[in-house]
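Annotated features, as they stand in TrEMBL:
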{"type": "BINDING", "residues": "B:H2", "note": "Ni(2+) binding site"}
{"type": "BINDING", "residues": "B:C73, B:C76, B:C89, B:C92", "note": "Zn(2+) binding site"}
Amino acid sequence: MGLRGGQADTEQRVIQLEQDILGVNNAIAAANRRWLRRNGILSLNLVSSPGAGKTSLLTETIRRLPDASAVTVIEGDQQTDLDAARIRETGAKALQINTGKGCHLDARMVNEAIGRLNMEPASLLLIENVGNLVCPASFDLGEEARVVILSVTEGDDKPLKYPDIFVGASLMIVSKTDLLPYVHFDIDRVTEYARRINPDIACLTLSVETGQGMDAWMEWLEKRRSTFCITAADGDPGLVPFFT
Amino acid sequence: MHEMALAEGVRSIVDNAARAHRIRGLEAVVLEIGQLSCVDPEALRFALGLALRGSAAERARIEIESIPGEGWCLACDRNVPLASRADACPSCGSHRIQPLRGTEMRVRELLLQKNRQ
C-alpha cells in the first residue's frame with residue numbers, strides 16, 4: 001500500500017492498493033484447502049442450475065459407497081433444510097447452509113461449516129452449491145475439484161452461454177439421460193462446447209433413475225480418492241482455521 | 001447478483017485503507033475489472049452504491065477500468081486477443097488458450113478528496 005502525491009492542497013493524493021476484490025475469500029479458501037488436504041479429506045464443489053439433480057445424484061452416490069458414515073455433505077440453498085434431510089436419510093452427515101438472499105456459497109460459509117462438522121480424516125466432503133450457473137463461478141471454496149452438473153432438459157448450449165462455471169471445473173456430468181428421447185440434446189455437441197471453454201474437462205453422462213453411467217461416475221470418484229494424497233499420516237488432524 | 005458480494009469486498013478494502021490512512025472522504029475509487037472476469041460492471045456499480053453507504057467512499061466517483069482479455073495460444077506459441085472464454089485462436093482455431101490478462105478484479109487505487117486529510 002503506497003501513498004503518492006504531496007501535501008499541497010492542489011495536488012491529488014492517491015493511495016495505491018492493487019488489492020484483489022476476492023482476496024479475503026481466496027485466503028479463507030486456501031486455508032480450507034490446506035486443512036482438508038492435511039486431513040486427507042477429498043472435497044468436491046458440485047454446481048448446477050436449480051433442478052439439475054444434484055441432490056438425487058448425491059443420495060444415489062452415497063447409497064453406492066461402502067460406508068455412508070465416511071461421507072459428509074454441505075448443502076447450500078437459499079431456504080429450507082429439505083436437502084440436508086434427504087442426505088441424512090442415507091446415513092451420511094449433512095449440514096445445511098441457508099444463504100438467505102445469497103446466490104452462492106463462499107469460503108467463509110464453508111469454513112464455518114467444516115468447523116462444526118467433525119469430519120473423519122480420509123473421508124469425502126461433497127459440497128452442494130446453491131443452484132445457479134453464474135454466481136458460484138467466482139468463489140473458490142477451497143475444494144479439490146469442481147464438478148458441473150447439467151441435465152439434458154437444460155439444453156446443450158449451456159457451456160457457451162455460461163462459460164465461467166466451466167472454467168477450472170474438473171468434470172462435467174450430463175444428468176437425466178433417461179429423458180434424452182424426449183428432448184433435443186446432443187451429447188457430442190455439449191462435450192465439444194464444454195471443451196472449447198475448458199479443453200481438459202472430463203465428461204460423463206448418467207441417469208440416477210436408470211443407473212446408466214453411475215458406474216463410470218463411481219469409478220471417477222474412486223480414482224480421485226485413491227490418487228488423492230493423504231498427507232496427514234501422523235494422524236494429527238490440526239485445528240480448523242477459524243475466520244469468524 | 002454476486003456483484004453484491006464483490007461490492008462488499010470493495011467495501012472492506014476501502015474501510016481498511018481508510019482506517020490505515022485516517023481518511024475521511026474519498027473522491028474516487030478506481031477498479032480494474034478484466035473482460036474475462038465474472039463481473040457485470042453496471043451491476044457492480046449499482047451494488048457499490050449500496051455497499052459503500054456510510055463509508056469514506058460514500059460520495060466517491062467509481063471508476064471502472066476494463067482490462068482487455070489476452071491469452072497464450074499453446075499451438076501457435078504466441079499471445080492472442082481473447083474477448084471471451086469461448087474464443088478460438090484467430091490464427092489456428094484452437095481453443096487451448098491460457099488466459100494471461102483480463103481475469104482481474106482489483107481495487108487499483110483510491111483518490112483522496114483535495115484540501116482534506
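Glycine is no exception: its Cβ is also placed from the backbone N, Cα and C atoms.
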Non-site residues, in chain order, whose CB comes within 8 A of the mean position of the CB atoms of B:C73, B:C76, B:C89, B:C92 at Zn(2+): B:L74, B:A75, B:R78, B:V80, B:P90, B:S91, B:G93, B:S94, B:I97
Can you tell which of B:C73, B:C76 has the most other C-beta atoms within 10 Å, given these are the binding-site residues? B:C73
What Cα-Cα separation, expressed in whole Å, is found between B:C89 (Zn(2+) binding site) and B:H2 (Ni(2+) binding site)? 30
Which binding-site residues among B:H2, B:C73, B:C92 have a Cβ sitting under 8 Å from any chain A Cβ? B:H2
Site of maximum Cβ density within 10 Å, from binding-site residues B:C89, B:C92: B:C89
Please work out the number of neighbouring Cβ atoms within 10 Å of the Cβ of B:H2 (Ni(2+) binding site), leaving out its own Cβ. 23
Whole-number answer please: how many Å between the C-alpha atoms of B:C92 (Zn(2+) binding site) and B:H2 (Ni(2+) binding site)? 35
How long is the line from the C-alpha of the residue listed as 'Ni(2+) binding site' to the C-alpha of B:C76 (Zn(2+) binding site), rounded to the nearest angstrom? 36
